[in-house]
Amino acid sequence: MLLLLLHLLLPLGSDGAQNSNTTSEGCQIIHPPWEGGIRYRGLTRDQVRAINFLPVDYEIEYVCRGDREVVGPKVRKCLSNGSWTDMDMPSRCVKRTTYTGRRAVYIGALFPMSGGWPGGQACQPAVEMALEDVNSRRDILPDYELKLIHHDSKCDPGQATKYLYELLYNDPIKIILLPGCSSVSTLVAEAARMWNLIVLSYGSSSPALSNRQRFPTFFRTHPSATLHNPTRVKLFEKWGWKKIATIQQTTEVFTSTLDDLEERVKEAGIEITFRQSFFSDPAVPVKNLKRQDARIIVGLFYETEARKVFCEVYKERLFGKKYVWFLIGWYADNWFRTPDPAINCTEQEMAEAVEGHVTTEIVMLNPENTRGISNMTSQEFVQKLTRRLGSKKAEETGGFQEAPLAYDAIWALALALNKTSGGSGIHSSGGVRLEDFNYNNQTITDQIYRAMNSSSFEGVSGHVVFDASGSRMARTLIEQLQGGKYMQIGYYDSTKDDLHWLGADKWIGGSPPADQTVVIKRFRYLSQKLFISVSVLSSLGIVLAIVCLSFNIYNSHVRYIQNSQPNLNNLTAVGCSLALAAVFPLGLDGYHIRAGHFPFVCQARLWLLGLGFSLGYGSMFTKIWWVHTVFTKKEEKKERRKTLESWKLYATVGLLVGLDIFTLVIWQIVDPLHRTIESFTKEEPKQDIDISILPQLEHCSSKKMNTWLGIFYGYKGLLLLLGIFLAYETKSVSTEKINDHRAVGMAIYNVAVLCLITAPVTMILSSQQDAAFAFASLAIVFSSYITLVVLFVPKMRRLITRGEWQSEAQDTMKTGSSTNNNEEEKSRLLEKENQELEKIIAEKEERVSELRHQLQSRQQLRSRRHPPTPPDPSGGLPCGTSEPPDRLSCDGSRVHLLYK
């Protein structure tokens, strides 16, 4: 930009400027005033002399030489109608007048030159610049001069308390207090009302400071931190995030900000899943965030603590394409590169950890290159401040971003004091004497408060206006760290709900990450090969059971079949069929049926298995129980041993089946089975994708499943154990009424062993669907096959090999099962021999009776012939000596022998 002082000694007219003619080509060029010049941007001296018109929107700036200054508009702009702005006001160069007797008005300031936020490093020079500019203005506070008394608060409330005491109790009287940090402002603002002091902060963002009851005289050019929260919520909604986590430093400003954020996200349907806080060491909270799988994390802490946090973030690998951090935007641009002895991470590690994070910050520098109350554009302010900082780099200077707010704070104060004092001059009507202010003068404080509350002007930070709580209203800037540099990606105006998106956001993974690990629920289904294989075996078993049942019914008239209690065998075949049919619902799961049908499948499993066991095993148990009951009681008579009442056997089976039905009905009424889902540990896929698989397994269960299983397994297990005992006790018993009881015993052994092993194993393996199904179904299949083969195949073989046409007598002589034919033959021979011996005994008894009769007749005849003789000393009957020696003795000893 070239400065041309054109010494064209052309005196101005009475209006102080040449009349300009309008044209469609732009605005006619204006010549400079006497003793001054005009700055024509972008034009050389020759170009200015050669042209007569300047284009629309072109700006010219008046300048004066020496000790003169411009009075009137300093900048004019070419309008679209061909006229210059403010042509009704002349621009003149007048000699600068040195005012004497200007009264000093003192400002007490606390600048944090170090500590959590060293904002005073740039804000103090900005305040000094503002004081110089305000004091040089003749139209603002012409009778007063603003002076600054400041201390370093170190952003520490304790240190600030000391300097606040010095400011209040040491002369001169301060008309206003100017703190920086939120923690310091909280202390100062709460105490200031006791001294009738207005407090104006340039760097406080704590939402707590918006409480007018607690801080009645507080204003701030820095917007409340809660102004970040609507922007954050808007970004959460834009990127589709519903779950976030937070980590904060334990201070009031961050706690209140987070409380406000929690309310806002709740209204938006977003959940804060995890909230962590720390005082000085963030190591444990960061580990907790990692443990809880936090992905979208809002961090609220000062710059020094931010370095500690991200050093721990690097150690825990809580960064990269799966994570997004939201930070406060008022850190220095290279805050993560600043050497810090409190951390043990290198600059490269810190840069890697912070890459891609998003910041939200108040728009602190007017993005439009327009001139405000200070007659400076925002860019000119930055240049001037940079020159004032000297060798310090702007990005390494704390508070550089907040410097425009500090600059505008002095202007807001100056305008409010100017309005309070009456505008221009001490004799202006309606004003008060600022030098009359003291800590007991509430009248002046109230007037300053009203003037401050109604402030509205264009500053280098934008439009300055305060809301009812004294907080600045402003837009929010959204930035993202890309390649180590902050890039603007959007603006948000919460008052209009207007998100202006620049589309410059970049993500490490190519797109915004998910707010949590995407959990894919995947059911574990039964192996179809295993299900089909077992189903085929079960189907063949059902066919075998039907064949056995048909065979037993067809040959029920055969004596051999009749002696095996065919009706009980029929029940056994039916029970095996039901048990085998239970294999099909055991293998049905969500792969085959819908969730709504699952309870019916659960009922089918339970009823088929329960009734199948009661019919199949109950029939065999009844047989073996009857054999044990009859043939193990030796004192009973033979006739009772041969008596078999069939209705008792059927009643026993019916009792077992009825007990099952009763238990199952009560179970289903009181606590019905339903579908439950068991979830397992999440599995990470081999691919590097942000998802995890949650395996799930369907079960049939009820609220008190263990209680019902205990009852069911309890009496079934007792039946199994009792069956084994009875089978062992009757292994050597032979009976014609139940000729297959030994085969029944063998079947009971197999069923009992399989059931007693399978039941606990399947309960242990319930979480392994294939193993549990294989154990349960194969136990059912094998026990059913063994029972059918052991009970029916020998009968089929016997009838096929010996013929069904055998006579009843032959069949009677040959009754018995194939497993004990020899013993049955021996039993029949012994019975036949016993019958023959009984006949011989009967004949001998008749002979003995005849002989006794003859002996009595002879004794009577002898007693008639001879007198009676003394009895024999041996006590025996008198015997004649004439009897031959081979005759029977009179004591009947041979008769007893014969009975033996």
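Cβ coordinates come from backbone N, Cα and C, glycine included.
Nobody curates TrEMBL annotations by hand; they come from automatic prediction.
As written in TrEMBL, here are the features:
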COMPBIAS  807-821  compositional bias 'Polar residues'
DOMAIN    537-815  domain 'G-protein coupled receptors family 3 profile'
REGION    807-831  region 'Disordered'
REGION    848-894  region 'Disordered'
SIGNAL    1-16  signal peptide
TRANSMEM  530-555  transmembrane segment
TRANSMEM  567-586  transmembrane segment
TRANSMEM  606-626  transmembrane segment
TRANSMEM  647-670  transmembrane segment
TRANSMEM  707-727  transmembrane segment
TRANSMEM  747-765  transmembrane segment
TRANSMEM  771-793  transmembrane segment
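If you average pLDDT over the domain 'G-protein coupled receptors family 3 profile' (537-815) in this model, you get 77.
Sequence-distant contacts of the transmembrane segment (530-555) (same chain, at least 6 residues past either end, Cβ-Cβ under 8 Å): 561, 566, 569-570, 573-574, 576-577, 580-581, 583-584, 587, 770, 773-774, 777-778, 780-781, 784-785, 788, 791-792, 795-796, 799, 804. Sequence-distant contacts of the transmembrane segment (747-765) (same chain, six or more residues past either end, CB-CB distance under 8 Å): 616-617, 620-621, 624, 709, 713, 716-717, 720-721, 723-724, 726-727, 771-772, 775-776, 779, 782-783, 786-787, 790-791. If you look at the transmembrane segment (707-727) against the transmembrane segment (606-626), you find at least three C-beta pairs under 8 angstroms, all six or more positions apart, and that counts as contact.
Beyond its flanks by at least six residues, the transmembrane segment (771-793) meets 526, 530-531, 534, 537-538, 541, 544-545, 548, 551-552, 569, 572-573, 576, 579-580, 582-583, 586-587, 609, 616, 620, 740, 743-744, 746-747, 750-751, 754-755, 757-758, 761-762, 765 of its own chain at Cβ-Cβ distances under 8 Å.
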